[in-house]
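Reading through the structure tokens given below for one structure.
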Amino acid sequence: MATVLCVILYVLAVSCTVIARPATFLQDFRITWSDSHIRQMEGGKAIQLVLDQNSGCGFASKYKYLFGRVSMKIKLIPGDSAGTVTAFYMNSDTDTVRDELDFEFLGNRTGQPYTVQTNVYAHGKGDREQRINLWFDPAAEFHTYSILWNHHHVVFYVDEVPIRVYKNNEGKGIPFPKFQPMGVYSTLWEADDWATRGGLEKIDWSKAPFYAYYKDFDIEGCPVPGPRNCASNTNNWWEGATYQYLSPAEARRYRWVRLNHMIYDYCTDKSRYPVTPAECVAGI
């Protein structure tokens, strides 16, 4: 794991330096739900999450962060995973005006593609779901899922392929998450009332227990509490010019995903939104 350590330089300013160190799960995370269903592997460098009829489970980062990038390698539930949800997300953990950035992996019947749902909450407003079918089998091996969050946009990546961009359009009166630090969370749970084909496909408990695997936990960002000017420091690598827009190659991959693998976009759902949401008009 790379963790940002902010070192106070008593000369002129405060600078933040990314320092790599050996990663283990418990260095940066804590179990939030059902510790009997989370098992450490490889000396704590990987974990197994378990879902059975008794319980699911979850974990969270020990700290919150304000801007940066988080990523994890995940191997999802193989075979018949209908009705299960494996989630990886950031959350401000505030009740009324929460910010949240979601990856939710929706299980399916054997042979059907895995669907990943993304969602963005900004200043308490969510309901911005988009869904794509993954173009590979995410249960066959580990794949990297990342969230880049800076002052310019939020980008969701799958193996460095951008699948969603939520731009900062505050100038047009559209909320953008930038004031509240967020923790990093993950859960494995039963959601067969909605997860697969709108709840039509239920969990087959005869296939339980269900397993998901995580490794290579990576958080690079401004920890809170921390030096006050870290989050506004334009010298942080994630605020650099390279990360303010998609590169031409990223833009091509982004268009390919949207054209070939997107199966739902709230921006075009006229039954929910007869009037197109403002952020969709502004370009996301």
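Counting starts with 1 at the first residue shown.
The backbone N, Cα and C atoms fix where each Cβ goes, glycine too.
Feature annotation from TrEMBL assigns active site, nucleophile to Glu100. Within the same chain, residues at least six positions away from Glu100 (active site, nucleophile) with a Cβ under 8 Å of its Cβ are Tyr89, Met90, Asn91, Ser92, Asn119, Val120, Tyr121, Gly126, Pro177, Met182.
What TrEMBL records for Glu104 is active site, proton donor. There are 19 other Cβ atoms within 10 Å of the Cβ belonging to Glu104 (active site, proton donor).
According to TrEMBL, the feature domain 'GH16' maps to 19-214. Here the domain 'GH16' (19-214) returns a mean pLDDT of 93 for the predicted model.
For Asn108, the entry in TrEMBL reads N-linked glycosylation site.
Taken from TrEMBL, the feature signal peptide applies to 1-20.
Within its own chain, Asn108 (N-linked glycosylation site) has Ser81, Ala82, Tyr114, Thr115, Thr196, Glu201 as residues 6 or more apart in sequence whose C-beta sits under 8 angstroms from its own.
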